[in-house]
Structure formats: C-alpha cells, structure tokens
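Participant: Encoded as structure tokens, here's the structure I'll be asking about.
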Amino acid sequence: MSGKPVLHYANTRGRMESVRWLLAAAGVEFEEKFLEKKEDLQKLKSDGSLLFQQVPMVEIDGMKMVQTRAILNYIAGKYNLYGKDLKERALIDMYVEGLADLYELIMMNVVQPADKKEEHLANALDKAANRYFPVFEKVLKDHGHDFLVGNKLSRADVHLLETILAVEESKPDALAKFPLLQSFKARTSNIPNIKKFLQPGSQRKPRLEEKDIPRLMAIFH
C-alpha cells in the first residue's frame, strides 16, 4: 500500500469530484479505483467496506470513509484548509453548504427529462446570477482579502472555484457582472497545486454528458 488516499467511485465527477479537488488543492497525491460494473459496487458492499452501502468511499489513514461531507471535512481539517478557529470554520461551512446547493443544481441538469432540461438549466443559472454569486462578490468586497475566510486558502475557496467553473461550462460569461469573482477565479486558478489540477491529463473529470448516463446506471441501479 502506497499510503496515498484511495478513492472508490465511478470514472465521473458525481459526488467524488469535490474530494478530488480538495486533495489536489492540498497537494496530496491520490489513487483511484473505478467502479466499472455493478459487481464492483456489490463487492465493496459485501466485504463491509461501505458503512451505508454507498459510495463515494475513500481509504485514508487506515479508515474507509463514506459520506461526502464527512470525507471533505476530514481532508480539510487534516490539510489545514478549515480555518484557524471555530468561527472561521462556521463561515467556511456556511459558504460550502451554499455552494453545494448550487453545484447540485448544475450537476443534476443532465439527468432531467428532455422537456425539462432547458427550464431546469435556466433556473440554475438564474440562481447562480441572482442568489449565489452576489453573496460571494459581497463577501470578497467586505472581507477585503484574497480569500473568503481569514487570509489563506480554505476549502471554501476551492469549492467556490470548482462551482464557478461548473457554471461557466453552461454559461461562459456567468461572471460578467462580478469583477471580484473574476479576479478570485484568476488568482485561485494560478495557485500551483490548483493550476496543475486544471491542466489536461490531471485526475479532474470532464462534465457528465447524456451519453455517459447508461454506463453509470448499469453500475448504480
């Protein structure tokens, strides 16, 4: 065993992508064991690796961790991406939970029925422009630092960049009215570990397309 975290999930973004982002931002190398068929998932279930019979699952520090939030909290705490005190952690948690709501909206568009896709995406992009991005523009303005919390990189910054890029895949000019978020995106994208993760050939996964859904359904259903 190499000692690197091992990520068990399908070869897709899904609920593991934020884990990949956070490990990459922390400069932590990790391995991936992809579920390719239903039997791969069944094996993890039957050998007791999945506490609640679900992936994502991450092997780290002798544990087999499940539940995405628990995994992210552990990684953030272990690699000093979770603020310096309880108050900073509370802010980070608030920002991250809000971002998770927006990310979920964007991520779920691909699985909407054909006649609902356009409406669903329009709703998600409207919420990005009018509910979520204005919040983070104001946070950056009021806080007056390069990062959302304190004056160093936290998981909130990592998840904000991940979410911005996901929104821009559907609306490239999504940040047109948000100059501070534009600067934030440019700044954080150039942090060496993140810049490396954004290069072709990294372990970052492409956007889920409709053609990928049957493959995933065969594993998970």
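Cβ coordinates are placed from backbone N, Cα and C, and glycine is handled just like the others.
According to Swiss-Prot, the protein carries these features:
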type	residues	note
DOMAIN	3-83	domain 'GST N-terminal'
BINDING	TYR9, LYS45, GLN54, VAL55, GLN67, THR68	glutathione binding site
DOMAIN	85-208	domain 'GST C-terminal'
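So where do these features actually land, and what's packed around them?
Facilitator: Listed in sequence order, the residues of the same chain lying 6 or more apart from LYS45 (glutathione binding site) and placing their CB within less than 8 Å of its CB are GLN53. In three-state terms derived from DSSP, LYS45 (glutathione binding site) belongs to a helical segment.
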Participant: Just counting, how many other CB atoms are there within 10 A of the CB of GLN67 (glutathione binding site)?
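Facilitator: Its Cβ has 14 other Cβ atoms within 10 Å.
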Participant: Over the residue list TYR9, LYS45, GLN54, VAL55, GLN67, THR68, recorded for glutathione, what is the maximum interresidue Cα distance in Å?
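Facilitator: Between the outermost Cα atoms of TYR9, LYS45, GLN54, VAL55, GLN67, THR68, the distance is 17 Å.
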Participant: Tell me, how many other CB atoms lie within 10 A of the CB of VAL55 (glutathione binding site), whichever protein chain they belong to?
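Facilitator: So the number of other Cβ atoms within 10 Å of VAL55 (glutathione binding site) is 24.
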